[in-house]
Amino acid sequence: MTWMIRDVPKDSRPRERLLASGPESLSDHELLAILLRTGTKDESVVQLAQRVLQHFEGLRLLKDATVEEMTSIKGIGPTKAVQILAALELGRRIHQSGYNDRYVIRCPEDGAKYVMEDMRFLSQEHFVAIYLNTKNQVIHRKTVFIGSLNASIVHPREVFKEAIKRSAASVICVHNHPSGDPTPSREDIDVTKRLAECGRIIGIELLDHLIIGDQKFISLKEKGYV
């Protein structure tokens with residue numbers, strides 16, 4: 001027999017609890033159980049959901065899991081894996097949709113908020129350029145490169161070529177520290193100074209360089225490097 005949500009005692013069923021008390025009342029594994037719908041012959045869907053989260057050490061790693069990684073778990077086939085991935089992607093798109101309508105960056109906090117959820121859990125360093133118009137509205141965002149930050153790799157040409165193409169008035173550069181600690185390195189500072197100087201020469205201001213950690217960030221402009 002395959003365990004389904006209806007086989008769970010009624011007062012413990014995630015769907016019924018969501019209807020009665022709202023989604024915020026459910027735990028992570030209960031929400032996941034609703035997506036999975038069925039368990040296995042040996043465990044309920046709630047138990048399966050708990051095991052999936054334990055496998056990925058919670059939502060943080062589940063967020064970036066692949067179909068192959070999910071289907072390696074007993075009880076998770078391609079259909080369940082696709083359901084989970086679709087829900088995760090919808091969540092990402094909903095989060096981003098709030099910022100796509102000409103998001104305005106007035107201060108470092110605005111810039112960090114714009115990218116924090118996308119960048120704080122990345123396992124590699126991503127260097128991103130955010131292009132703004134004269135009203136400080138975001139007109140484009142581009143990942144310039146992925147990998148350890150190095151002055152020989154981050155060429156200003158790659159950053160400002162897109163700025164010219166988009167007729168941007170200014171640029172904010174952002175990169176993440178996978179360690180979660182946004183403290184700038186010597187390379188971070190050198191890259192920032194080089195980009196700021198090139199921006200002054202061509203007339204497209206580097207407004208800031210933000211380093212993203214885990215729910216925290218550092219503005220190199222506030223530190224005096226821009």
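From the backbone N, Cα and C atoms, a Cβ is placed for every residue, glycine too.
In three-state terms derived from DSSP, His175 (Zn(2+) binding site) belongs to an extended strand segment. According to Swiss-Prot, the feature Zn(2+) binding site maps to His175, His177, Asp188.
The domain 'MPN' annotation in Swiss-Prot covers 104-226.
Sequence-distant contacts of the motif 'JAMM motif' (175-188) (same chain, at least 6 residues past either end, Cβ-Cβ under 8 Å): 119-120, 122-128, 149-151, 209-214, 216-218, 220, 223, 225. Sequence annotations record features per position, and here Swiss-Prot assigns motif 'JAMM motif' to 175-188 based on sequence analysis.
The most crowded of the binding-site residues listed here (His175, His177) is His175, judged by how many other CB atoms sit within 10 Å of its own CB.
Note on the domain 'MPN' (104-226): DSSP counts are 39 helix, 36 strand, 48 coil.
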